[in-house]
Amino acid sequence: MGQVCQSFKSLMQLQLQDEKLPPLLSSFDMEGIAGYIAEKGCKQVVVMCGAGISTSAGIPDFRTPGTGLYDNLQRFNLPRAESIFELKFFRKTPQAFYELVRELWPGNYEPTPAHYFLRLLNEKGILRRCYTQNIDSLEGRAGLPAEKLVAAHGNFDEAHVIDTWPEIKVPVHELKRALDAGEEGWKELKKAKGGLVKPKIVFFGEALPDRFNRLHMTDLAACDLLIVMGTSLVVYPFAGLVGVANKSAPRLLINRDQAGTCDTLESGFRFHLQGEDNWRDVFHKDDCDAGCRTLAEHLGWKDDLEALIQSEGRVSVCNAPWV
Ligand code: CNA
């Protein structure tokens, strides 16, 4: 058994050696990333983002202790916080999810500087795609065109009746009207449609949208830089995209804390490792807005970013009821 493990370990080490490349960056920091973008003329940047790009808009993330949704869902009396995104619980107690949906409905929050940075990457002609776990649609509200976005966990663009096959679609404005009318409203909608209606937000155990499955392998293979922002990288399959990124693409994480690290296999970030064990990963510990501004500054795009934010005239003001 010991021998088998030893052979397996040697095999993995061999594979790892094969995968290693000479350092891709002149320095493993924002300056190094900006220099790489300019020198190599990157044009296939892929961004992955999570709830951390929207916290400055007033929408809490999931897991930050104290302010995260998981710590603040007690008012819904859930058996556990994750239940709010479970079909089993929704079927029995839809009120909890419906209250959350009403609060998060697009239009209640404004984009953050990090969202405008996504749009800037696109306007500079270097964004291949943005993969978001967020359901708040703030990327689009900041002006990122729909073809550049993959809403991996769904959003409020569509609604459907659960437990139906083939799926029965419901216009989202009907759901909105029903939710605005309170408990009577969604009960009437349920009766009219023959089942509970939910926005197409991916619940635990549900399949990710076709668009995600169709695009992610080619996008990640073609990417020449991966930027990951505001995510704990614990939800799969989304988090697995980090490991699929082209081996010759540097990877940058902008986050309050390290996430997605991996020592043994090339499936996660390696910025915590020294020397040749890390040839491409950078961790920039900061808030997403500040990190994006720092990168924009290093790229000589500081004024462009600020002008974009100002021109839209709508940037986040943190006034959420739950923070
Ligand atoms: P998470 O697990 O809560 O992780 C968020 C990460 O971002 C943590 O590592 C935080 O430290 C970090 N963070 C928080 N705020 C900032 C900030 N301002 N700057 C930098 N880093 C910050 O959330 P994930 O997105 O990783 O989890 C995936 C879930 C979250 C998806 O299924 C989403 O649907 C879900 N979610 C979405 C929203 C939204 O749409 N805005 C809100 C809450 C949860």
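Glycine too: its Cβ is placed from the backbone N, Cα and C atoms.
As annotated by TrEMBL, domain 'Deacetylase sirtuin-type' applies to 23-302. Restricting the average to the domain 'Deacetylase sirtuin-type' (23-302) gives a pLDDT of 93.
Cβ-based neighbour count (10 Å, all protein chains) for ALA51 (NAD(+) binding site) stands at 22. Annotation comment: TrEMBL describes 51-55, 61-63, 133-136, 231-232, 255-257, CYS288 as NAD(+) binding site.
The active site, proton acceptor annotation in TrEMBL covers HIS153. In sequence order, THR132, GLN133, ASN134, ILE135, ILE201, VAL202, LEU208, VAL235, PHE238 make up the list of same-chain residues 6 or more apart from HIS153 (active site, proton acceptor) whose Cβ falls under 8 Å from its Cβ.
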- Message: So if I draw a 10 Å sphere around the Cβ of THR231 (NAD(+) binding site), how many other Cβ atoms end up inside it?
- Response: 28
- Item | DSSP three-state assignment (helix, strand or coil) for ARG256 (NAD(+) binding site) | coil
- Task: For PHE62 (NAD(+) binding site), just count the other CB atoms lying within 10 A of its CB, please.
- Result: 20
- Message: Neighbour count first, Cβ atoms within 10 Å, every protein chain included; then name which of SER54, ASN134 tops the list of binding-site residues.
- Response: SER54
